[in-house]
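Structure record follows, encoded as structure tokens.
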Amino acid sequence: MARAVTTQRKAINTLIAWIVGLLIFFPILWIFILSFHSEGDAIKSPLEVITSTWTFESYATVQERSNYFRHFWNSVVISVGSTVLGLIIAVPSAWAMAFVPGKRTKDVLMWMLSTKMLPPVGVLLPIYLICQNLGLLDTRIALVFILMMINLPIIIWMLYTYFREIPGEILEAARMDGASLREEVIYVLLPMAVPGIASTLLLNIILAWNEAFWTLTLTAAKAAPLTAFIASYSSPEGLFYAKLSAASIMAIAPILIMGWFSQKQLVRGLTFGAVK
Amino acid sequence: MATKASRTAARAMISPSVILLLGWMLIPLGLTIYFSLLRYNLLMPGARPFVGWENYEFFITNPAFTTALINTLLLVGGVLLITVIGGVLLALLLNLEMWGQGIVRILVIAPFFVMPTVSALVWKNMFMNPVNGLFGYLAKGLGLEPFDFLSQAPLASIIGIVSWQWLPFATLILLTAIQSLDSEQLEAAEMDGAGPFSRFFYITLPHLARAITVVVLIQTIFLLSIFAEIFVTTNGGPGNASTNLTFLIYKESLLSFDVGAGSAGGVIAIILANIVAIFLMRMIGKNLDA
């Protein structure tokens, strides 16, 4: 901003923005607080909750009672597995489309995006029955594959928008200076492509980690990732506020941190380059 | 500059993803359409006769369908209204000069990263529960009767929860768009005597039009498929009061195991989503040429 803003004005802005920000963040803050209290204290009135003793016991009981880390590990395998597999398939495709564009490249890209518009519930039954027939219900393999397929268009698009920004002339320059193809790839292309690949990886792990249609409909006890495990807290009207909070905090913390790091790439990734 | 050899290589590099996506699209889609024309229930083994449009008729004449369709429109419309208006206001706020802007931004976008089942359960139990929820305590503190959100206003409560999840998305995209606005233009308008409101309506808002369209279209695609939030809070109830189209098809498919009717519902959902998708694709396609 070119204009100077008075300190008084800035103080008012700061105050309002912080109040609004804290209000929006409050539910997360509140479960963070609840997770450090005993089950009996967690359902008391807000003031009593804060003044009661703080303890780690909920985190321990969540693991003891439900084998929490098995579900955590399922989430890791499914989200990282599907994303890495997707990248292996998408990097060559996006690369080719960005550097050797043909007449139909644009149509192919648009068609790929259109597959993302298919509502999952529209193909729920075929996928469910195929998994059932192949004995893949409640397995991680099925989810790795399905989540890879639903995120593949986003992965290709994100990579494409990043690769397209790498200037082709720089490759020619390297070639003129006598770089071999191998050197060209390792010293010139990779360093420029890595940031784009990294942010694509990050955003898609986030999306896969939070996916809650296929994970809820295709898993039971064995392969359930955290989305499905947490959903199991909804069935009994039993009040397990502290345990639910502890389980939730552990489920969202890694993704929250990754999300904050990738907030700049988020806009680009989620709008398919339509807003930068 | 592309040689024939590099073209062939490029085609080879693109084909795995094209083949996979083509299979992923055509096989389930074909099966859904095929199933939708059969009398096919997993609970009733035996023949699966071809019945033509019967499943569509059954699905559409079911009174739950009209309810679900209206609920879907209310859910999508309600969340869009809240997140777009809230998003514009928040983006304007976050664009002002202040201390700790980065931290406020982090606080505001956090809900987007919370998995749907967690945010729905947290709102359901810790806030909306009439006995132990914070809103209940707040009401009691003010001397009011606690309100049982999820049984008395189930759809509105779900709209609230989903809006909390999607507000950060709208804010982030609109903030990015606001930051690309030329501040000199605003200053010039101010010097010409334009007040804050006319500056907003004549300069900022038109500048945001494109970003708002993108937000609306992308959110609509996702909001049509809202499932987890309903699954863990109301399970579509009471009655069908909070059942949207996605949840109705899920019930028909995996709770009643009526493959025929579930598939017919699936085809209807696909058609609805495609109407939105066409507009979104046009927007993105235009940008590709630029």
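Glycine is no exception: its Cβ is also placed from the backbone N, Cα and C atoms.
Whatever TrEMBL says is automated annotation, not expert-curated.
Among the features that TrEMBL reports, transmembrane segment is placed at A:12-33, A:72-96, A:108-129, A:141-163, A:184-207, A:213-233, A:240-261. Annotated domain 'ABC transmembrane type-1' per TrEMBL: A:72-262, in sequence order.
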Of A:72-96, A:141-163, A:213-233, whichever stretch has the most CB pairs under 8 A to the transmembrane segment (A:240-261): A:213-233
For the transmembrane segment (A:72-96), distant same-chain residues with Cβ under 8 A (at least six beyond the ends): 140, 143-148, 151-152, 155-157, 159-160, 163, 197, 200-201, 204-205, 208-209, 215, 223-227, 250-251
Contact set, same chain, for the transmembrane segment (A:12-33): CB under 8 Å, 6 or more residues outside the stretch: 5, 49-50, 244-245, 248-249, 252, 256
Remote residues contacting the transmembrane segment (A:184-207) - C-beta distance under 8 A, at least 6 residues beyond either end: 79-80, 82-84, 86-87, 91, 151, 154-155, 158-159, 162-163, 166, 170-171, 174-175, 255, 258-259, 261-262, 264-266, 269-270
Contacting positions for the transmembrane segment (A:141-163) when only residues 6+ beyond its ends and CB under 8 Å are counted: 77-79, 81-83, 85-87, 89-91, 93-95, 97-99, 109, 112-113, 115-116, 120, 127, 131, 193, 195-197, 199-200, 203-204, 207-208, 211, 214-215, 218-219, 223, 225, 265, 268-269, 272-273
